[in-house]
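These notes are about the structure you will find just below.
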Amino acid sequence: MYYGFDMGGTKIELGVFDANLQRIWHKRVPTPREDYSLLLQTLHDLTREADEFCGSKGSVGIGIPGLPNADDGTVFTANVPAAMGQSLQGDLSGLIGREVRIDNDANCFALSEAWDPEFRRYPTVLGLILGTGVGGGLIVNGNIVSGRNHITGEFGHFRLPVDALDILGADIPRVSCGCGHNGCIENYISGRGFEWMYKHFNQQSLPATEIIANYNLGESKAVAHVERFMDVLAVCLGNLLTMLDPHLVVIGGGLSNFEHIYQELPKRLPQHLLRVARLPRIEKARYGDAGGVRGAAFLHLSK
């Protein structure tokens with residue numbers, strides 16, 4: 001059995017998956033945000049409850065909204081203050097008597113999609129999240145590529161490419177980013193960036209849902225905005241494809257529900273790729289909110 005924890009700032013969800021990778025049990029509880037001992041006890045109790053349900057001990061994986069430190073295994077996660085700087089992996093492993101694997105929740109998203117029955121045949125899968133920010137993960141032969149510092153999927157912190165500046169104008173503000181730098185692409189091609197860009201060019205604040213609704217009605221400002229956004233998205237994704245050359249791209253996050261993306265990217269991407277390059281397959285994520293739990297459980301499928 002494979003146990004996967006999706007540990008967020010407000011809730012912890014545990015999913016149990018059988019040998020066929022089908023979810024057979026799950027439970028959700030509030031996250032103890034401030035008390036590390038209580039956080040460990042909560043994870044312990046959920047694990048024991050799953051053991052009782054299964055009649056055996058399953059493997060344990062945890063997806064966190066943050067990064068494990070590559071050198072000492074401590075956790076960096078602003079959303080769960082109780083776990084910040086703690087050796088969560090080692091502490092929980094000692095408490096429940098088995099190996100625990102921990103990874104970034106965006107990597108878990110990508111791993112979940114890569115282990116989809118249809119998608120497993122693709123050797124390299126790029127999971128791309130276009131949500132409040134931009135991130136994701138790279139999966140090669142069913143395994144997460146973490147890199148030296150566990151930051152391989154931090155795509156949102158690439159700077160705006162020169163071709164994007166040609167589209168947006170050289171005087172486009174280099175928006176300050178939470179990482180401490182300016183001009184990171186997540187401030188332009190995320191859901192938040194989608195709204196910011198509309199406000200910048202139209203001097204009007206609208207939520208993404210309303211902009212998209214106006215676009216579907218053919219409203220001129222919304223149409224011009226979406227065209228501009230798609231061009232910038234294609235430039236940024238083109239750089240990623242040239243660097244990583246995946247067979248499959250799976251898009252998640254709030255903007256993944258904008259179906260126009262899947263029609264427009266194949267038209268716009270080729271001009272930003274090498275002439276010999278063939279487009280990867282581009283698909284919408286299949287597992288939605290369940291992807292974090294699935295991917296965390298499947299950390300034990302990786303080598």
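Including glycine, each Cβ sits where the backbone N, Cα and C put it.
The annotation in Swiss-Prot ties CYS177, CYS179, CYS184 to Zn(2+), and of the candidates under consideration, HIS150, HIS157, the one tied to the same site is HIS157. Excluding the listed site residues HIS157, CYS177, CYS179, CYS184, the same chain places GLY156, GLY178, GLY180, HIS181, GLU186, ASN187 with Cβ atoms within 8 Å of the centre of the Zn(2+) site Cβ atoms.
There are 29 other Cβ atoms within 10 Å of the Cβ belonging to ILE139 (ATP binding site). In this structure, of the binding-site residues GLY4, GLY8, GLY133, GLY135, GLY137, the smallest number of CB atoms within 10 A of the CB marks GLY8. Between the C-alpha atoms of HIS157 (Zn(2+) binding site) and GLY4 (ATP binding site), the distance comes to 28 Å.
For CYS184 (Zn(2+) binding site), the same-chain residues that are 6 or more apart in sequence and have a Cβ closer than 8 Å to its Cβ are GLY156, HIS157, PHE158, ARG159, LEU160, VAL175, CYS177.
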